[in-house]
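Trainee: Not my notes, these are from TrEMBL:
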- 56-130: domain 'RRM' (DOMAIN)
- 178-254: domain 'RRM' (DOMAIN)
- 335-409: domain 'RRM' (DOMAIN)
- 452-527: domain 'RRM' (DOMAIN)
Amino acid sequence: IVTEVAVGVKRGSDELLSGSVLSSPNSNMSSMVVTANGNDSKKFKGEDKMDGAPSRVLHIRKLPGEVTETEVIALGLPFGKVTNILMLKGKNQAFLELATEEAAITMVNYYSAVTPHLRNQPIYIQYSNHKELKTDNTLNQRAQAVLQAVTAVQTANTPLSGTTVSESAVTPAQSPVLRIIIDNMYYPVTLDVLHQIFSKFGAVLKIITFTKNNQFQALLQYGDPVNAQQAKLALDGQNIYNACCTLRIDFSKLVNLNVKYNNDKSRDYTRPDLPSGDGQPALDPAIAAAFAKETSLLAVPGALSPLAIPNAAAAAAAAAAGRVGMPGVSAGGNTVLLVSNLNEEMVTPQSLFTLFGVYGDVQRVKILYNKKDSALIQMADGNQSQLAMNHLNGQKMYGKIIRVTLSKHQTVQLPREGLDDQGLTKDFGNSPLHRFKKPGSKNFQNIFPPSATLHLSNIPPSVAEEDLRTLFANTGGTVKAFKFFQRDHKMALLQMATVEEAIQALIDLHNYNLGENHHLRVSFSKSTI
């Protein structure tokens, strides 16, 4: 029987469920509808004899009022598949059903040693008297939808489908060291943020961060491989900030990290005496304090929500790294690109703004006066220029293969007042068409390499498939396939014959006015039709 540390094994009337049918161990009660009034609690007292008997249904108490299903499900995710949930909003309680009793036992044992917190409040987990959860479907549709989505995320991220931590923890121990890569890093991720997130799954001993192949990476060591396993299961594929900074997690081949310095790049939490290293600034105390304050709001990540660092923290992070898009401030890498081998008969600042705008917010474009097959393009930050370069170098635009490299210029100069440069330089700083202005915009998740299939959105109801096929065929290419989204006719996929044709169509038709004040939005898709 589990000792009562954080996990009470006390049972009783506060476990009653409103409006749900639970099959209980006592067969005579299995069909009884349990209501939350006092009389029925007397009938339930008889079950208290079974104190502490393990069950795959767990009873969770003292939940903060505003907690969501996703957050409660996230408590169970590291231990295996969650198969059902019932929230009792008014009573600040919930029931969580796991796929196996072993998973539930592992979870109860783990949380008896480490008090679980949601939204900074301790919560209490115990075995329920019920062996399974039978919920009234109409009441519970939302919870079921959340569960399905979580399961989809989890099965996509779990290497061996159906393994729970308790099973896989029996297999030969994997490394306690995780290798972490961060994709779509629009905000800087610090060592402290990683420590905060990964500490949810056990004591983090050491972290080393570095940049490799232009990607921020980290090695993080736990005291126990089981913690590494749990963290990987729960966090792989999650976003740290809203819609960006996606964690990709693998086990490292290393089993121990050797940390020489404690600074903002590496830290050994078991050895606070280590030097910070020459010329290695330790994290600025003011920034560290701002981070500690903001990131203390981190919740255990729900599989549907980002890791709940509020935007204020993201802003603090961005400011700390000098990435706030102030014109002329080089922000985390070079913001200016040099594009060459352009088709000088056809290219305009507007066409470059539209194409490069798929990968970031273009601030200024200058086609070179003496060399009109080349242009300078200033993006909002170094990440965006890197993304645009990676995705557009070697693509065909107006029939020519373009070359994209980082420029040595820090900014694109505007022509002096009153000087006519034939419209070769354009300032797009205040353009309403920037896709990434809003922090956490959905567009951050939908950045894909140029592809023959385009994603269209903001289509008004009056516009039919035929109209769109004709419109896109008029850009000079062939429309191979078309499909409206089933749930939402405002969106569609449209496939051109080649990537080059799709690039051309995007340049010509992104922001095209379809009438009824609907401007068509076009981006590259990862899907095919």
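Cβ atoms here come from the backbone N, Cα and C positions, even for glycine.
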Trainee: Which residue counts does DSSP give the domain 'RRM' (452-527) for helix, strand and coil?
Mentor: 20 helix, 22 strand, 34 coil
Trainee: Using DSSP, how many residues in the domain 'RRM' (335-409) fall into helix, strand and coil?
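Mentor: Counting residues by DSSP class gives 19 helix, 24 strand, 32 coil.
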Trainee: Using DSSP, how many residues in the domain 'RRM' (178-254) fall into helix, strand and coil?
Mentor: 22 helix, 34 strand, 21 coil
Trainee: Tell me the residue counts in helix, strand and coil for the domain 'RRM' (56-130), as DSSP assigns them.
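Mentor: Taking each residue of the domain 'RRM' (56-130) in turn, the totals are 27 helix, 26 strand, 22 coil.
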